[in-house]
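Here is what Swiss-Prot records for this protein:
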- Arg19: site 'Transition state stabilizer' (SITE)
- Tyr24: active site, proton acceptor (ACT_SITE)
- Asn75, His81, Asp88, Leu102, Ser103, Arg112: substrate binding site (BINDING)
- His101: active site, proton donor (ACT_SITE)
Amino acid sequence: MTKTVFVLNGPNLNLLGKREPGIYGVATLDDIEASCKREAGQLELQIDFRQSNHEGDLVSWIQEAGEKNAYVLINPAAYSHTSVAIHDAIRSARVTVVEVHLSNIHAREAFRHHSHVSAVAKGVICGFGAEGYLLGLRALAAIAKEEENNGQSIKGA
């Protein structure tokens with residue numbers, strides 16, 4: 001059975017490739033989406049790739065993923081550090097989440113060191129640029145395989 005992964009991207013990620021390439025790299029969000037689609041095909045995953053600058057959209061999509069028993073690979077961007085709403089949506093939806101960041105948030109400004117999402121994520125990948133998305137998909141594929149082998153669903157952290 002093919003598992004669906006919602007790949008959710010938060011604010012300002014639509015500007016990738018133009019916005020601070022020294023921090024976030026030169027890959028655009030379209031480049032990352034194309035790489036994710038290729039990787040997902042090899043991993044026998046289906047992806048639903050989305051981006052919004054609005055917190056409520058991310059909350060609604062997390063809830064939708066929960067209703068569809070899908071996984072979530074999320075780069076909440078700045079909302080990582082501020083959004084209790086996204087934290088609560090993940091907890092309420094009981095969805096398996098991998099959090100990803102292009103930069104190493106722990107090597108940046110102090111206000112970026114804490115993520116509200118990390119506490120409810122299965123795992124966190126940061127600092128590997130666009131490759132982090134592919135690492136996240138591989139992690140979710142491994143979780144899907146484990147669930148299939150065990151005949152159960154592994155939810156949350």
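Any Cβ shown, glycine's included, is placed from N, Cα and C.
Here the structure is a predicted model, which means the values were calculated and not measured.
Positions of Swiss-Prot features highlighted on the structure.
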residue	record	CB count, 10 Å
Arg19	site 'Transition state stabilizer'	11
Asn75	substrate binding site	26
His81	substrate binding site	16
Asp88	substrate binding site	14
His101	active site, proton donor	25
Leu102	substrate binding site	23
Ser103	substrate binding site	18
Field: Nearest of the binding-site residues (His81, Asp88, Leu102) to Arg19 (site 'Transition state stabilizer'), judged by Cα-Cα distance
entry: Leu102
Statement: Reduced DSSP state (H/G/I helix, E/B strand, rest coil) at His81 (substrate binding site) is helix
